[in-house]
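Remarks on the structure that follows.
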Amino acid sequence: MNTIFSRITPLGNGTLCVIRISGKNVKFLIQKIVKKNIKEKIATFSKLFLDKECVDYAMIIFFKKPNTFTGEDIIEFHIHNNETIVKKIINYLLLNKARFAKAGEFLERRYLNGKISLIECELINNKILYDNENMFQLTKNSEKKIFLCIIKNLKFKINSLIICIEIANFNFSFFFFNDFLFIKYTFKKLLKLLKILIDKITVINYLKKNFTIMILGRRNVGKSTLFNKICAQYDSIVTNIPGTTKNIISKKIKILSKKIKMMDTAGLKIRTKNLIEKIGIIKNINKIYQGNLILYMIDKFNIKNIFFNIPIDFIDKIKLNELIILVNKSDILGKEEGVFKIKNILIILISSKNGTFIKNLKCFINKIVDNKDFSKNNYSDVKILFNKFSFFYKEFSCNYDLVLSKLIDFQKNIFKLTGNFTNKKIINSCFRNFCIGK
């Protein structure tokens, strides 16, 4: 494999820049620009020479294979963060047949050299991208060991089953009833292991999912007031003039250690002469698909006219989301704040201005946000695997040729999870989600 390098510290002002190099020619690259003898795993302070000119003082660390991150020889240059110096060193590396690393290529080489599994790579990626306490707990080393233990057990049990069934195919007369019971029992254990794996992946995918809450409704019903109360800030302008909000205003907040995107929108109305207002309404309608929860606000307690005078395709789009109808200005209506249901639609009477019922509203939002089954398209590979295997277990028969072919397919799918059975496309799609320098 080619020698690769990357700047692993961010661009911009700073005191330090770190350049990481990995490959078989790293020792050769050092000798040309450093006059000192570089020892393994010892930080060496030395001058860097390019064209017999000292360009900088650097801290150099050399890691010898195979006990390195990538499984290859690695060198790290710790130099001053001066763009001229950095460019000189990068040009030197390019002239000596090294190349820029692709996103995630260091970790990809670690995987290709057999030092890590695909599941571990995914856990590392989640740890970097999603910064919350729950994700940290799920991706720490102890959890990683549980994942690997489950996969190891799955592989062992599948191999045992394949061996048993191949023996049965070879000489059925020596295959006893106890052997049949052993196969059924092993199938049952496999299902349990898959269920544990699915539960863990469900939580991880739930934490990865971006959750968006949109506040929709007609003009001057109190959407901006509610937005400010929930976010505990005053980013939306609040007046008694209809149509104050012309564009979508968004704010990120935290609920149950999960980041939520709150969106305040322009009032919905079909007929308007104001061009800016029309553009705002069209944007609202298009953004509905991006929302997970719709808080639809009205200010008159008249269920028949809830969706009066709004765009025709609005209702079709809103059906795809969770929906809570908020009847605002309960203090003016002379009604008590409260909650009730009509035809499985949750309706809450509130007063955004007083804000006394906002805590209760947050509780209902919490329940929807905390619903880990909310996203039905996550962890599809393992879920399909589980469903197929459940059906296979229920329909289990003595047609051992069929059983064996199904098991071998199942074994391949398990190997795809670990990376033992894969192809170039799968590897590329996995590692290109990482940052440069990882």
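Using the three backbone atoms N, Cα and C, a Cβ is placed for every residue, glycine included.
Here's what Swiss-Prot has on this protein:
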type: BINDING; residues: Arg20, Glu76, Lys115, Lys438; note: (6S)-5-formyl-5,6,7,8-tetrahydrofolate binding site
type: BINDING; residues: Asn220, Thr239, Ile241, Thr244; note: K(+) binding site
type: BINDING; residues: 220-225, 239-245, 264-267; note: GTP binding site
type: BINDING; residues: Ser224, Thr245; note: Mg(2+) binding site
type: DOMAIN; residues: 210-370; note: domain 'TrmE-type G'
Inset, instruction - For each of the binding-site residues (Asn220, Ser224), count the other CB atoms lying within 10 A of its CB, then report the residue with the highest count. - result: Ser224
Legend entry - Spatial separation of Lys223 (GTP binding site) from Arg20 ((6S)-5-formyl-5,6,7,8-tetrahydrofolate binding site) - C-alpha basis, Å: 51
Inset, instruction - Across the whole of the domain 'TrmE-type G' (210-370), what does the mean pLDDT come to? Round it, please. - result: 71
Inset, instruction - Give the helix, strand or coil assignment DSSP yields for Lys115 ((6S)-5-formyl-5,6,7,8-tetrahydrofolate binding site). - result: coil
Legend entry - Lys223 (GTP binding site): tally of other CB atoms within 10 A of its CB: 30
Inset, instruction - Could you say whether, by DSSP, Arg20 ((6S)-5-formyl-5,6,7,8-tetrahydrofolate binding site) belongs to a helix, a strand or a coil region? - result: strand
Legend entry - Chain-internal residues near Glu76 ((6S)-5-formyl-5,6,7,8-tetrahydrofolate binding site), provided their CB is under 8 angstroms and they sit 6+ positions away: Val18, Ile19, Arg20, Ile21, Ile60, Ile61, Phe63
Legend entry - Around the Cβ of Arg20 ((6S)-5-formyl-5,6,7,8-tetrahydrofolate binding site), the count of other Cβ atoms that are within 10 Å: 22
Legend entry - DSSP three-state assignment for Glu76 ((6S)-5-formyl-5,6,7,8-tetrahydrofolate binding site): strand
Legend entry - Cβ atoms near Ala266 (GTP binding site) (within 10 Å, other residues, all chains): 25
